[in-house]
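Participant: From TrEMBL, here are the annotated features:
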- K190: N6-(pyridoxal phosphate)lysine (MOD_RES)
- K190: active site, proton acceptor (ACT_SITE)
Amino acid sequence: MDHIEGFPNPFYITQPLMPEWDELSRIMKSVFESNQLSNNGKMVMELENQLADFLGTDCLSVFCNGTIALQVACRALRLSGEVITTPFTFAATVHALTWSNLKPVFCDIQEDSLNLDPDLIESLITEKTTGILPVHVFGTPCNVEKIQQIADKYGLKVLYDAAHAFGVKIKDKPIASYGDISMFSFHATKIYHTIEGGALACNNPYLKERLDSLRNFGINNDSTVKEPGTNGKLNEIQASVGLLLLKKVQAEIEQRKYLTDLYRQLLHDLSGLQVYQDIEGIRHNYPYFAVKIDQHQFGLTRDELHEKLLQYNVISRKYFYPLCSNFQCYKDLPSASETKLPIANKTANSILALPLHGRMCESDVKKICTIIRKVKPK
Ligand SMILES: *Cc1c(COP(=O)(O)O)cnc(C)c1O
């Protein structure tokens with residue numbers, strides 16, 4: 001078994017969940033016949049109701065994307081000055097703060113959860129701090145209890161970036177029930193999507209009213225304009241795609257769980273390659289299959305493994321590399337220096353996400369694992 005064939009075509013890290021064509025054409029027809037394509041139409045209202053139900057939250061507003069949703073949340077929570085966040089995230093988390101005239105203050109992460117380390121938050125709080133923006137990285141819940149305790153002690157708002165955490169629960173409690181607001185992203189690369197889209201979940205109807213107003217230029221129903229809002233609306237076409245995909249997302253998560261378990265089983269004995277296991281009491285959603293490479297034990301660096309896999313047409317991703325604190329635009333912030341963020345810097349150089357999506361089958365996972373074994377130096 002020396003010669004192993006790669007994949008004939010690039011095998012991408014993900015493939016979007018797709019609606020059935022027949023169902024899609026039927027629902028599109030009804031949208032076109034309704035003559036309403038945007039501005040809180042029937043499909044958007046229905047999607048908000050069904051998503052609130054699915055995510056177990058009282059209030060939910062859908063948006064054109066997750067990044068605009070984050071910016072609206074910052075304004076709705078009246079954040080100002082400094083906000084403590086993690087560098088180990090997608091660019092949008094930190095950029096949303098900057099676009100809201102807020103100063104990101106980077107906090108190092110925990111080695112196991114990959115999330116913001118709550119034990120380090122207090123030392124970063126100044127008189128300018130107004131909020132915390134943690135990320136449930138790869139869908140693993142943050143230490144929500146501890147973060148809330150700190151927020152309560154210092155009077156800070158908590159805005160969760162839950163872009164990866166669709167459907168996650170902590171002991172049967174939905175992830176959206178923590179913090180002041182949780183943002184979900186419905187981009188096509190996420191497990192659940194509306195092509196582009198996002199949502200803000202909260203448990204305060206007055207806050208939802210404000211989010212809805214900010215999403216629509218700050219225009220009130222009675223045609224008075226209270227404040228400078230933006231255009232964050234989702235349209236009827238995308239909302240109807242969202243309604244169709246909501247029926248399929250549970251099966252998607254189950255197939256991903258099955259494939260994740262298979263990956264773990266086939267890779268757990270490889271030295272220098274760490275797989276992450278489920279945490280007891282957490283309902284996971286399997287958005288990514290991430291492994292951590294110890295270059296000394298594995299015999300290759302993470303980047304070398306990434307390159308080798310490319311030769312077999314396996315497209316893996318270096319999540320999250322480069323680290324946000326090392327971006328040109330943030331590297332000069334006092335909190336961005338590498339010495340203050342040792343775990344995040346190490347992690348950003350050692351994590352690789354392997355292909356995972358619901359259309360993959362057992363043989364795909366087996367083949368990828370065989371290729372990894374083949375390229376690992378003996
Ligand atoms: C995808 C993502 C976002 C941004 O979402 P968009 O809907 O693409 O704007 C924000 N944060 C994280 C962690 C993400 O993965």
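Every residue, even glycine, has its Cβ placed from backbone N, Cα and C.
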Participant: What three-state secondary structure does DSSP assign to K190 (N6-(pyridoxal phosphate)lysine)?
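Facilitator: The residue in question, K190 (N6-(pyridoxal phosphate)lysine), is coil (DSSP, three-state).
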Participant: Are there residues of the same chain, six or more positions away from K190 (N6-(pyridoxal phosphate)lysine), whose CB falls under 8 angstroms from its CB, and which are they?
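Facilitator: Residues satisfying the criterion: A163, H164, F166, P287.
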